[in-house]
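A.B. asks: I'd like to ask some things about the structure below.
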Ligand code: NIG
Ligand code: FE
């Protein structure tokens, strides 16, 4: 049966021909239709247009959207939602003056989360993670990437990836899995980092490949974490199992990880709080999507990704949450879009493009989601009655979403 949303005040991100991503000046253009309808059948978008051109279907279920807007679901291309417990004590330590780095050096940070996760059963981990997934779906996210990286042993990394596989089987939104064994060096490898790289390459990856547990490979390429050369080796090893690189770079320092990732054909480079001119130059002419994570900058009080410099260089930009227990305990894409406007000086049009079609690109999903296009998945949300689409980022901290749909079904 056909479902038709009628009297939509404004239908957002309508792309007649599917595009993979938007870059530079094109990001300032957000195509919309006022007083529109949207027709869905068998989980897909089959038609849309203005109300005066609505076709007559034999039988259809009508949903009246008077005064309300319809957005394609947010596409969150960077999360770490499979983790155990929380780290609010470190939050208090930071309020009291310790830095993120100092906390990590004392065995807190990623290693603290890994310890908790290693002691948590797969069932319990699934319970905690599915709650987070339900929460972000209710906030409008309709496609998501989830990383491992809080396990750091063969057993615990596989446990995370199996939880992600179960989430993929259970939930109706597209989920992509990323292997991030190279997130931090476990303390027992502090003096012998090469031995841990060896575990990643020769123990974790073969098993992940055998069970088809990941789509992408990631590494935290950063001073004090994984060097450029170690990151390159992890990328090359992942490629042998068909894993496409999506890499954490330039969060605290610019050390050449971005250039190396682009040279290795990364689908995305993520964080980018610290960017030099040479980093921006390296992205030019590549197919790599730069991804900004403004909630992380907000929570850690670190610089924001220089969105204007990136967009003015005619590059694309995607926005994602980075939802994780240490640097971003929030998976709210509405807040990300608001913060990108407020702190990174992106216009609402640019931020919405970055959080939909460009986010889809950063997970290799732009043929399925990210815009209102015939044939794409009917993943979208209906807002409350709002005056304009710019009201969404403007009214930061409030929730303007009334209902969410995945595969054409209300959740
Ligand atoms: O993307 N930067 C590396 N990893 C995570 C945070 C890690 C943590 O503190 O748990 C991030 O911000
Ligand atoms: Fe991250």
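Every residue, even glycine, has its Cβ placed from backbone N, Cα and C.
What TrEMBL says about a protein is an automatic prediction, not a curated fact.
Quick paste of what TrEMBL says about this protein:
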- 78, 80, 248, 322: Fe(3+) binding site (BINDING)
- 78, 80, 248, 322: Zn(2+) binding site (BINDING)
- 87, 150, 183, 251, 327: 4-imidazolone-5-propanoate binding site (BINDING)
- 150, 324, 326: N-formimidoyl-L-glutamate binding site (BINDING)
- 69-410: domain 'Amidohydrolase-related' (DOMAIN)
A.B. asks: Filter the binding-site residues 87, 150, 248, 324 down to those with CB closer than 6 A to an atom of ligand 1; keep them in sequence order.
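C.D. replies: Passing the 6 Å Cβ check against ligand 1: 248, 324.
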A.B. asks: Any idea what DSSP makes of residue 324 (N-formimidoyl-L-glutamate binding site), helix, strand or coil?
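C.D. replies: In three-state terms, residue 324 (N-formimidoyl-L-glutamate binding site) counts as strand.
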A.B. asks: Looking only at the domain 'Amidohydrolase-related' (69-410), what is the mean pLDDT?
C.D. replies: 97
A.B. asks: Running a distance check here. Ligand 2 versus the binding-site residues 87, 150, 183, 322: which have CB less than 6 Å from one of its atoms?
C.D. replies: 322
A.B. asks: Please identify, from the binding-site residues 324, 327, the residue with the sparsest Cβ neighbourhood, meaning fewest other Cβ atoms within 10 angstroms.
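C.D. replies: Looking at the binding-site residues 324, 327, the Cβ with the fewest others within 10 Å is that of 327.
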A.B. asks: Given the binding-site residues 78, 80, 248, 326, find the one whose Cα is closest in space to the Cα of residue 87 (4-imidazolone-5-propanoate binding site).
C.D. replies: 326
A.B. asks: Of all the binding-site residues given, 87, 248, which residue's CB has the most CB neighbours within 10 A?
C.D. replies: 248
A.B. asks: What is the biggest Cα to Cα gap, in Å, among 150, 324, 326, the residues listed as binding N-formimidoyl-L-glutamate?
C.D. replies: 11
A.B. asks: Please report the Cα separation of residue 322 (Fe(3+) binding site) and residue 150 (4-imidazolone-5-propanoate binding site) in Å, rounded to an integer.
C.D. replies: 14
A.B. asks: Measuring Cα to Cα, how far is residue 251 (4-imidazolone-5-propanoate binding site) from residue 78 (Fe(3+) binding site) in Å?
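C.D. replies: Residue 78 (Fe(3+) binding site) has its Cα 14 Å from the Cα of residue 251 (4-imidazolone-5-propanoate binding site).
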A.B. asks: Report the same-chain neighbours of residue 150 (4-imidazolone-5-propanoate binding site): residues 6+ apart in sequence with Cβ closer than 8 Å to its Cβ, ordered by sequence.
C.D. replies: 80, 82, 83, 84, 110, 113, 114, 117, 156, 160, 183, 325
A.B. asks: List, in sequence order, the same-chain residues at least six positions removed whose CB sits under 8 Å from that of residue 326 (N-formimidoyl-L-glutamate binding site)?
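C.D. replies: Correct list: 87, 90, 100, 109, 110, 113.
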A.B. asks: Just jot down the residues in the same chain as residue 78 (Fe(3+) binding site), at least 6 apart in sequence, with C-beta under 8 A of its C-beta; none if empty.
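C.D. replies: Result: 145, 147, 246, 268, 270, 291, 293, 320, 321, 322, 362.
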